[in-house]
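Student: Got a structure for you, questions after.
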């Protein structure tokens, strides 16, 4: 039995999956954002409850909005203040008496897609989230790749390529990022970036959904903005694909619902890739909000 926990800023979602990777239990509880001891106790209590229900000790995986320090094991997270700087994996292991896997929520999202029935034989899957922020996860042979310092897949904090900067024009905005740097992809390719760029070029605040609606209605500014953004995506994605050469790319987050992306990227990408490179298959993520808990559970599949 595989147990997954998607630990968010307001709730913890639990899911249990059997050996066929079918979900057999679901539960949601509020996140203890201020009391770390209660946070650990809540997770441990759910584990004990479902161990008793299924009569086995489930393998435990946690997905978090942050990362674990590769040297110390301390958590780096801002969405769950109680867990910041704490040793959640180690403390939970001590409490339940078994090993626990932990990874960031973007890797869990990617892992969930990689273990979809249709994709599970793909040698490599890249998950990219175009939501409030922009981030990603890298899956090789069914396992999340976290890297030496546990920052592999933090694609949102790679910088805008120089050709993307030129594409944005003479008055291109140098956008700041929450990480303290400027020019991070997170600030440009996210839904937030989509809106910020529109406001920069047209002097008007609009929500992404309204820009997309205006584009469908033929609004001149929206059409120009979407065309510019699609080319920006193609340039930046080509940069990432040249580095990692994934077989499949699964897109999640609010902007992934913009169907034009799946028409435009395959047409625009080739001119930005090496001549010998192939455009990977680009699909919309299938598992939506359940991706985090699925991926957390599947951290243990290859053990």
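Backbone N, Cα and C define each Cβ position, glycine as well.
What Swiss-Prot records for 4-11, 133-140 is ATP binding site. Annotated Zn(2+) binding site per Swiss-Prot: 157, 177, 179, 184, in sequence order, evidence recorded as sequence analysis.
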Student: Same-chain residues six or more away whose CB lies under 8 A from the CB of residue 8 (ATP binding site)?
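Tutor: Listed in sequence order: 31, 65, 79, 80, 105, 292.
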Student: Relative to the Cα of residue 184 (Zn(2+) binding site), which of the binding-site residues 4, 6, 10, 135, 137 has the closest Cα?
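Tutor: Among 4, 6, 10, 135, 137, 135.
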Student: Hey, of the binding-site residues listed (4, 133), which one tops the CB count within 10 A?
Tutor: 4
Student: With DSSP assignments reduced to helix, strand and coil, which class does residue 157 (Zn(2+) binding site) get?
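Tutor: The residue in question, residue 157 (Zn(2+) binding site), is helix (DSSP, three-state).
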Student: Just checking, which of 139, 177 (binding-site residues) has the fewest C-beta atoms within 10 Å of its C-beta?
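Tutor: If we count Cβ atoms within 10 Å for the binding-site residues 139, 177, the smallest count is at 177.
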Student: What are the sequence-distant neighbours of residue 179 (Zn(2+) binding site), meaning same chain, six or more residues apart, C-beta distance under 8 angstroms?
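Tutor: Within the chain, residue 179 (Zn(2+) binding site) has Cβ neighbours under 8 Å at 157, 186.
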Student: For the binding-site residues 6, 135, 137, 184, work out the Cβ neighbour count at 10 Å and name the residue with the minimum.
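Tutor: Lowest Cβ count within 10 Å among the binding-site residues (6, 135, 137, 184) is 184.
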Student: Neighbourhood of the Zn(2+) site (157, 177, 179, 184): other residues with Cβ within 8 Å of the Cβ centroid, in order?
Tutor: 156, 178, 180, 181, 185, 186, 187
Student: What's the CA to CA span in angstrom from residue 6 (ATP binding site) over to residue 177 (Zn(2+) binding site)?
Tutor: 25
